[in-house]
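Here is the structure we will look at.
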Amino acid sequence: MTRPNIERPDFGGPFPEHIAIIMDGNGRWAQAQGLRRVFGHRRGARTVREITTSCAEMGVKSLTLYAFSVENWKRPRREVLYLMRLLKRYLVQERPTLMRNGVRLRAIGRVDDLPEDSLRTLRETERVTGENEGMLLRLALSYGSRAELADALKGVARDAMAGLLDPDTIDEQTMRRYLYDPVTPDPDLMIRTAGEMRLSNFLLWQASYAELHVADVCWPDFDRAQLLKALESYARRTRKFGGLVDAVGPGGDDGERKG
Ligand code: IPE
Ligand code: IPE
Ligand code: MG
């Protein structure tokens, strides 16, 4: 069995089980040094390796990386082709590192939109890493949250029409069953790089109560120290989920809670 030695940093507060990252700023990173955008993507792939390894070593249970959005298909054909080639190379080259770190890779998104060879490579990497018992690495590929919700709704409607689902019983748990990955718990911490303060159609349902952290550096410069900064910030957060801070456990209610 493959699993790294877990060394969890202690910032005196909670540690996120599931981290989601919007990896942004590859193009800007390259342009800032007079290089073409694709060089930023290449360097960004290196960051993916470093951050995946760090998270696995720290005992993060799930890491979801926004690698390519449904909207990204609108980019110039050359850039899209480059990204697809890079993806395929990454999925082959990273296998030994993923295996060494006990990482199980899965994709979420409209992966059928990927070029056939990239999809085949993706399925093979999912298969090869499928038995690993360490961290789950979810790559969001051709992913869009509105697309995911529309796809889910299609499934709901089909099952309702087939008599498999009673519309009156539909609740939040039903909806979840029709999402791309109904099993993995919601992200606790959502990080975005390159200083941008938006979600760009990422995990809108699942990130309802995620804690947000925006790093100013572009993705190629996001390193272990940056990750630790995000974790330190997370450790200071108070998560309430709409409730109150010091909600009293079972059996006690003083009627005067703060929060
Ligand atoms: C993120 O970097 C990578 C992808 C979206 C594929 P960008 O390519 O968005 O870089 P910027 O935001 O233009 O700098
Ligand atoms: C979000 O970044 C998508 C990914 C990181 C894959 P974008 O660069 O595509 O987002 P916008 O266009 O700045 O919102
Ligand atoms: Mg961007």
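Each Cβ is built from the backbone N, Cα and C atoms, and glycine gets one as well.
Over in TrEMBL, the protein carries these features:
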type	residues	note
ACT_SITE	Asp24	active site
ACT_SITE	Asn72	active site, proton acceptor
BINDING	Asp24, Glu211	Mg(2+) binding site
BINDING	25-29, Arg37, His41, 69-71, Trp73, Arg75, Arg192, 198-200	substrate binding site
Quick one: which of the recorded positions (Asp24, Trp29, Leu199) have their CB closer than 6 Å to ligand 3?
Asp24
Please compare the recorded positions Asp24, Glu211 by how many other CB atoms fall within 10 Å of each one's CB, and tell me which has the fewest.
Glu211
Which of these recorded positions (Asp24, Val70, Trp73, Glu211) have a C-beta closer than 6 Å to some atom of ligand 1?
Asp24
Are any of Asp24, Asn72, Glu211 (the recorded positions) within 10 Å of Arg192 (substrate binding site) when you go C-alpha to C-alpha, and if so which?
Asp24
May I ask which of the recorded positions Asp24, Gly25, Gly27, His41, Val70, Arg192 have a CB within less than 6 Å of any atom of ligand 2, listed in sequence order?
Asp24
If you count Cβ atoms within 10 Å of each one, which of the binding-site residues Trp29, Trp73 comes out on top?
Trp29
